[in-house]
Amino acid sequence: MVNVHVYITLKEGVLDPQGKAVEHSLTALGYEGVEEVNVGKWIQLKVEDGEGLDARITAMCEQLLANPVIENYSYKVEREATV
Amino acid sequence: MRAAVIVFPGSNCDTDMFHAVKDFTEAEVVEFVPHTANSVAAYDAIFIPGGFSYGDYLRTGAIARFAPVMKSVSEEAAKGKTIVGVCNGFQILQEAGLLPGAMKRNKDLKFICRTVDLKVENSKTRFTSSYDKGDVLRIPVAHGEGNFECDDKTYDQLQQKGQIVFTYVDDVNGSKGQIAGVQNEAGNVLGMMPHPERAMEAWLGSEDGRKLFTSVYRNWRESNVVTN
């Protein structure tokens, strides 16, 4: 099994109301130099390794995990180090 | 007319929808149909009510869209059957790819629960023919994710093809073009965030939702019942 981390964000150009609110909050707290805040989702899956892993992850992202109309996704596969 | 009201785990406007169809149309049959049903082919009109199907987990409508009944809903939509999705029902139809766009969180991040002014943008639809274009209706909204979003190309198409059926008179939730309700290109699938089924009785605040149901029924009757 491998650990798959899927990151889902709103597409560029789609105004993110949550990101804006967090950005305003940070500014109000006195944190300067914060320009852009985006709020997204992180989904962790344990997936069977092997042939077609990328194709399987991509299919899961496109069919269910992300909504391609407004969201982008990316993922990272994490293999446990073998001793 | 045979009408179905689909019930998902977490639907909470199903009873109101049932009564709106039952009491304000002359449908011979109005039935609740569970999310587990394999077919809705026996119905002429399919209503998908509001609520929080599957707890709104992942995204609103994202899980419900894969419920067994939705395959049949898509098939019946392709055949031209009348499909109406309200609130969560609208979100489910978007996730299913039966309606354009997607919903973001409301621009002020608040759940909005109040009665708003809704403008009829297109009265030449099977859902709004009993209204006049430009009519302003008082209809309740109750949603946290009703901020309609689509790309500019889609928006232009919606405008050109008369697919924008309802808009908010005021900017309620940040929706692009203040869109509150759209239909598909073929004109047989409607989605709207406001709740017409909650605006059926003056003593409950408004009866402006009635004509949506009478429109659906009349249009079905005109195309299906031979009168002498």
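Glycine is no exception: its Cβ is also placed from the backbone N, Cα and C atoms.
Under the heading active site, nucleophile, TrEMBL lists B:Cys87. Less than 8 angstroms from the CB of B:Cys87 (active site, nucleophile) sit B:Cys13, B:Pro49, B:Gly50, B:Gly51, B:Val141, B:Ala142, B:His143, B:Gly146, B:Met192, B:Met193, B:Pro194, B:His195, each of them six or more residues away in the same chain.
Per TrEMBL, the feature active site maps to B:His195 (among others). Counted within 10 Å of its Cβ, the other Cβ atoms near B:His195 (active site) come to 24, all protein chains included. The DSSP secondary structure for B:His195 (active site) is coil.
With a 10 A radius on its CB, B:Glu197 (active site) counts 29 other CB atoms from all the protein chains. Annotated active site per TrEMBL: B:Glu197 (among others), in sequence order.
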